[in-house]
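Remarks on the structure that follows.
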Amino acid sequence: MKPKNNKDKKSKFSYKETLNLLKTDFSMRANSVSREPQIQEFWLKNKIDLELGSSNLGEKFTLHDGPPYANGSLHMGHALNKVLKDIINKYKTLKGFKVHFVPGWDCHGLPIELKVLQSLKSHERKDLDSLGLRKKATDYAKIQIKNQLEGFKRWGIWGDWDNPYLTLKNNYESAQIGVFGKMFLNGYIYRGLKPVHWSPSSRTALAEAELEYPEEHYSSSVYVSLNISNLSDEILLKLEEKDLKNKLLSNLNKLFIAIWTTTPWTIPGNEAVAINPRINYVFAEDQNGDIFLFAKDLISEISEKLEREFNTLIDVKGSMLTGIEYKHPTKNKFCNIVIGGDYITTESGTGIVHTAPGHGMDDFNVGKKYHLPITCIVDEKGNLNNHAEKFCGLNVLKDANDLIIEDLKKNNLLLLKEKYKHRYPYDWRTKKPTIFRATEQWFASVEGFRSSALKAIEDVEWMPKTGKKRIYSMVVGRGDWCISRQRSWGVPIPVFYEKKGKEILLNSETINHIQKLFNEHGADIWWDWDEKDLLPKQYKEESDRWIKGLDTMDVWFDSGSSWAAVCEQREELAYPADLYLEGSDQHRGWFQSSLLTSVAVNNKPPYKKVLTHGFALDENGRKMSKSLGNVVDPNIIINGGSNQKIQPAYGADVLRLWVSSVDYSVDVPIGSNILKQLSDVYRKVRNTARYLLGNIHDYDPIDEEIDIDQLPILDQWMLNRLVDVSDQITIAYENYEFSKFFQILQSFCVVDLSNFYLDIAKDRLYVSAKSSIRRRTCQFVMSKIVENLAVLISPVLCHMAEDIWQNIPYSTNEKSVFERGWPNLPKSWINPELNERISNLRKLRVEINKAIEGCRTQQIIGAALETEVNYLPENEIIKNSLSWLEKFGNKEVDLYSDWLIVSKFNVVNNLFEDYLIIDDNELGKIQILKAKGQKCDRCWHYQSNTVMGIEDTKLCKRCANIITS
C-alpha cells in the first residue's frame, strides 16, 4: 500500500465567488414556535384551510368527527386521532373532493357535573337546583371547548372552528329528541323494571360502554348451606329405590343445598336457587353426617375447599330437583329450587346458583319465568333498604358483605369464605365498583332491530378487518340498551307520567312539540318550565294530570345521534358519512351507538367505512399516567418544556410526523427518544428541501421548458423515480397506510436524493457555467422535485410544505401549496428500463463508495475526488449497464466517474499493482488508486492537463473556460 500523500499546497486565492452557491430564505432551522403560527395565519387570511376544501368541485367527502369529551387538557390520544383525520382531509382536499370537516364535542354527562359540584362550597351545592347546575355545566363545557379548540388549531388541524357541533346546542338536542322519538314510535324504546348496571358512587344507571374492568379485583366469595325443608316427590322416589328415604326425612335438619356467591350482600334478596337440568347432581354425606346437594363434577373441588370427605348417597339429573324447598338463610320464609340455564356450569362454585331476581340479569330472567318477586334490596346510594330487613342501612360496597357473612356464620350456614379474583365492572368515571340493581328504566330494545344492525355491519368496510368481527360479536351478544340516567346534566327523556296512575304520555304529538321547543329554546326549559308550558296545546287543559320525567339520556345516545344532528342537517356533509375514525374502544362506544340509532331509525348504517387506531403508550409500552410520571404532553412537544435542553420545542409538524410514522392499527409508543429520531428525519427532509430551493434561486421554468428526451439519463431517471415515489405515496394515502408514506419519504429524501442524485448534482450546480445546459437541466429537474415534494408531504408536514412553497424563488400560479392539487405527472416521464439499468449502476456505486470510505477511514485520502477507480467486472448485467451508459449517456452529465464523484473511472481487463485498496465482491473487483495529475483549485478534480489560474492556482480546462467566459 502506498504511503500517505502530501496534501497539495493551498493557494491563498479562492474561486468561491465564481461558483453558483446555494441561496434561499428557507431556513435550515424550522423555528416552528414562531413560523408555524405565521403559516396558519397565512392560511386563515387567504381562506386556504376550510374554504379551500369546501369550494372544491368534486364529490363530497365526509369524515364525521367523533366528539371528544369537553373536559380536561388535550393528550396524545387526541393528537393521534385528530392528526390522522386531518391528514386524510388534507389529502382529499388536494385530490379535489369537497371536504368540510365539522369538529364536535360531547358536552353532557357525569364528569362535567362532578367538576361543577367539586368547584362549589358545601352550602353552594346544597342551594344548587338542577337548572343552576345545568347553567354552570354549560359554562364549564364551553371553557373546556375553547381551550381544546385552540390546541387543535395549533396542531394545524383544519375544520369549521367557527361552527363546530356541540351536543349542548339547541339544534343538536332537538335532533336527538327526534331520534329518540322515531325509535319510540318504531317500537324500539320501552320502560321497564330490569336489573341494570348501577353506580352507587354516581347514583345512576350505566350502559355497558360506561364500564371498565380492572385487572386486580377481588370479591368476598362464600359457600353457604341452605337447610332443605321439603323434598320433591321425584327425589323421594329416587331415595326409596336406594332405601334412603327414611334416613333423609328423619334428618331434614342435616340436609342442605350448597351454594356459592361472590355477592354476599344479595343473599337477603334470595328468592330461589337455580340448577342446570343437564348437569348431574349428588346428595353426598360428610363425616359429620351432614348431607349436601351439589354438582357431581365438583365433589373433589368442594371436598378440598371445605376440608371434608364426602360419600355419595344418590346421583340425580338436575331436572329432577325442581320443587325441593329450603329455608331462606336470613328471612322467615321458604323458597324452591328452580331450573336455570346454561349460565350454570361446573367451572366453579357448586353448580347451584343463588338467585336474587332484582340483582342480576340471569336471575331476573329466571324470576320472570317462575313469577318470583323482582325485589330490589338496595337504594340509589348502595344502602340496603327495608326489603333486606335486619340488614337495612348497610352499604353494599362497605359493611354489608362482612356483616351478612358474620350473620351466616352465627347461624352455622357459612361453609367457607375466601377472596376471589375475577372480572368485575367499575364505573369508568368514578373508578368505583358497580352493582346490578333492578329499577324502572328506559331501554332500547336491540332485539327488535338486531338482524338489521348485523346486516348493516356487513355493508360497512372495516379497517382493520378485525373490527368487523369485533363489533359483530358485540351486537350479536348485547342485551337491551339502558338509555336512562338519573342525572341533571343531559338531554331529558321527553316523557310525562300520570300523577295518580301508571299511564305515560309520550306520542308523536308530544315528541314533535318538545323537539320544536328545544330547537328554539334549548333543553334547559325542561327544568325551567312547568308541564302546562311544555305540553302541546291539546293537552294543556289537563296538564295537572301529568308530571314530567327527570331522567336524562345516556351520553352514548347523545353522541350516537350525531349522524342525525350533524350529517343529516348540514348541507355540506353527507349521510351516511364516508368515514368514521376513532380508537378501537369505540366498537363498544360511539361506533355501536351510532350504528344502533341509525339502523333503528333509517335501517342503514351511518357510515360507509370505519377506521380504528390504537392507544398512545410510553416508550416502554406502558399506559400513560401521572402516577408513573410517563405522560407525554403534546403541548410540550410543540412548544417545549421549562428546560428546553431536555424538552426542546419540536413544533406541530414533528408531532404530525410521529402520527404518520406509526402503525396506528395497534397501540403506539411515544417518548423523548422517539421524538429525537423523528426530529432527525424531519431535519433531513427539511435540509433536502432547502438544498433544492437554494439551487434554483436563479431559475425560471417559463424560460426553461425542456423536453424529457433532451435530458441526460440521470435526469430522466430522476423524473421517472419521482413518478414512482408519487404513485407509491398516493397509494399509501388512499389506503390510509401513512407509515408507508413515512418510509417512502425517508428513503426518497435520503437514499434517492441526498445520497445519490443531489450528491452527484453538486458539480453540475456549483461548478458549471451559470446558464449552461448542464446546470439548467439539473435545475429543471430540481424544480419539479421540490414542487411535487411539497405537495406530497403537505397532508402530513403541512407547515413545512407551505414554507417550501412560499420560498419557491419563481412565481407559481398557486399562492399556497394546497391550491396546487395532487400531482399528476406526465406519462412521458415513466421509463421502466431506466429503473433496472440504474438500479444496477447504483449497486456498483454503493460497493465502490464502501471501498473509498475504507481509504478515508485509514486517512489515505480526504475527498473521493483524490481517487481513480478501476473496475474489473465479474457480473455481465453490471458490465452491460456500464456499456449502455457510456453509449447513450450525456457526455457532460452521465460519465460514471461523475456519478461516483471520483476523478476517473475505468473498466479494465487487468488490475494495476499500484493501488490504495482493493475490494473483491460478487459484482467484480474494485481497485482504488490515487488520482493522477494535478488538482483543479476550482472544481477539485484531478486532471493530467491543467493551466495556470489566478495567483499561481491551477485550473482544469473546463474551469478555465468558464472563468474566461
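Keep in mind that glycine also has a Cβ here, set from the backbone N, Cα and C atoms.
Here is what Swiss-Prot records for this protein:
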BINDING   Glu582  L-isoleucyl-5'-AMP binding site
BINDING   Lys626  ATP binding site
BINDING   Cys936, Cys939, Cys956, Cys959  Zn(2+) binding site
MOTIF     68-78  motif ''HIGH' region'
MOTIF     623-627  motif ''KMSKS' region'
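Taking the features listed in Swiss-Prot, we show where each one sits on the structure.
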residue : record                          : Cβ within 10 Å
Glu582  : L-isoleucyl-5'-AMP binding site : 22
Lys626  : ATP binding site                : 7
Cys936  : Zn(2+) binding site             : 25
Cys939  : Zn(2+) binding site             : 21
Cys956  : Zn(2+) binding site             : 26
Cys959  : Zn(2+) binding site             : 26
Under DSSP, is Cys959 (Zn(2+) binding site) helix, strand or coil? helix
Looking at the motif ''HIGH' region' (68-78) alone, can you tell me the average pLDDT? 94
Between the Cα atoms of Cys956 (Zn(2+) binding site) and Glu582 (L-isoleucyl-5'-AMP binding site), find the distance and write it as a whole number of Å. 64
When DSSP is mapped onto helix/strand/coil, what comes out for Glu582 (L-isoleucyl-5'-AMP binding site)? strand
Among Cys936, Cys939, Cys959, i.e. the binding-site residues, the one with its Cα nearest that of the residue listed as 'ATP binding site' is Cys939
What other residues of this chain sit with their CB within 8 A of the center of the CB atoms of Cys936, Cys939, Cys956, Cys959, the recorded Zn(2+) site? Val767, Asp937, Arg938, Trp940, His941, Gln943, Thr946, Leu955, Lys957, Arg958, Ala960
Rounded Cα distance, in Å, between Glu582 (L-isoleucyl-5'-AMP binding site) and Cys936 (Zn(2+) binding site) is 62
